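Starting off with a structure, shown below.
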Amino acid sequence: MDTGGLDTDGRGFANASEMWAEEIGAVPGRGEENACCGGDKRRDWYRKGIAYWQGVEASVDGVLGGYKCVNEPDVKGSEAFLKPLLADRFGKQKRHLVALDCGSGIGRVTKNLLLRYFQEVDLVEPVSHFLEDAREKLSSEGDMGIDAHKAVNFFCLPLQEFTPEAGRYDVIWVQWCIGQLPDDDFVSFFKRAKVGLKPDGFLIVKENIARNGFVLDKEDHSITRSDLYFKELFKQCDLHIYKTKDQKGLPDELFPVKMYALVTNKPRVGKSKAQQYKPGIIM
Ligand code: SAH
């Protein structure tokens with residue numbers, strides 16, 4: 001990314017490469033190859049990020065940075081985005097739906113959204129007191145009937161160290177956590193995540209959006225990327241945007257939030273076959 005950015009102390013950076021060189025010792029221009037480098041600086045970046053979250057209470061208010069009022073509009077917005085996508089991608093197929101909730105925190109997204117649509121949900125979260133809270137809450141959720149919906153696996157790992165089981169997931173949900181990963185680890189995580197999808201499966205990324213470039217948060221050691229920045233990284237992952245939507249109804253002082261549905265094959269553009277062969281006026 002060539003666009004400049006800021007940190008939360010108001011310091012400016014000429015571009016993201018300059019910031020990553022400083023923060024994690026990444027060598028500009030080396031892209032994903034950097035993921036194995038940076039040694040102590042990279043470890044420090046992640047250690048500080050985790051330390052921040054370890055000091056946060058395991059509650060909705062905690063994982064939402066003191067904005068528990070965001071939970072309801074967030075869940076409603078996500079549902080309005082997800083429902084038509086499920087119909088569109090899987091149609092009337094009788095499919096046993098499995099989702100992965102990435103950086104799940106206390107399982108807020110799993111509990112309020114994913115368990116209502118997916119028979120199985122796995123959670124991956126590096127902070128153990130969040131994951132344990134999720135496990136306690138979710139193991140008593142859901143009915144145990146034939147078509148039970150349940151949280152199945154709880155993986156206590158950060159995304160940069162997690163590899164999803166190949167072909168297990170219909171949907172991989174990544175919300176409010178990918179900013180913890182520098183670009184190189186972002187790209188390698190999504191490349192592994194793609195392998196975790198079933199045919200026609202898709203990824204959802206729901207994240208804060210910087211108006212320009214990026215904003216580096218010195219407190220939780222995360223980065224908020226612009227829409228352009230995300231698009232550039234999705235391209236590097238060879239992921240295609242199937243649909244996007246802006247989240248509405250959040251307090252004005254917060255970053256705008258965007259949802260991206262991402263697929264592994266280039267979506268067909270233009271009219272469907274049926275529309276193409278409909279009689280029309282010859283111009
Ligand atoms: N997605 C949840 C939690 C958001 S809070 C929700 O929307 O409610 C951000 C979460 O990211 C925290 O649970 C934090 O522990 C987690 N996190 C921090 N570093 C991470 C990393 N490297 N990989 C995955 N998750 C991380």
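Glycine is treated like the rest: Cβ placed from N, Cα and C.
The S-adenosyl-L-methionine binding site feature in TrEMBL is assigned to Gly103, Arg108, Leu159, Gln160, Gln175.
Give me the structural setting of these features: burial, nearby parts and distances.
Around the Cβ of Gly103 (S-adenosyl-L-methionine binding site), the same chain contributes Val124, Glu125, Pro126, Leu159, Val174, Gln175, Trp176, Cys177, Ile178, Gln180, each under 8 angstroms and 6 or more positions distant in sequence.
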So how many other Cβ atoms are close to Leu159 (S-adenosyl-L-methionine binding site), meaning within 10 Å of its Cβ?
24
Helix, strand or coil at Arg108 (S-adenosyl-L-methionine binding site), per DSSP?
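Once the DSSP labels are grouped into three classes, Arg108 (S-adenosyl-L-methionine binding site) ends up as helix.
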Among all chains shown, work out which of the binding-site residues Gln160, Gln175 has the most CB atoms within 10 A of its CB.
Gln175
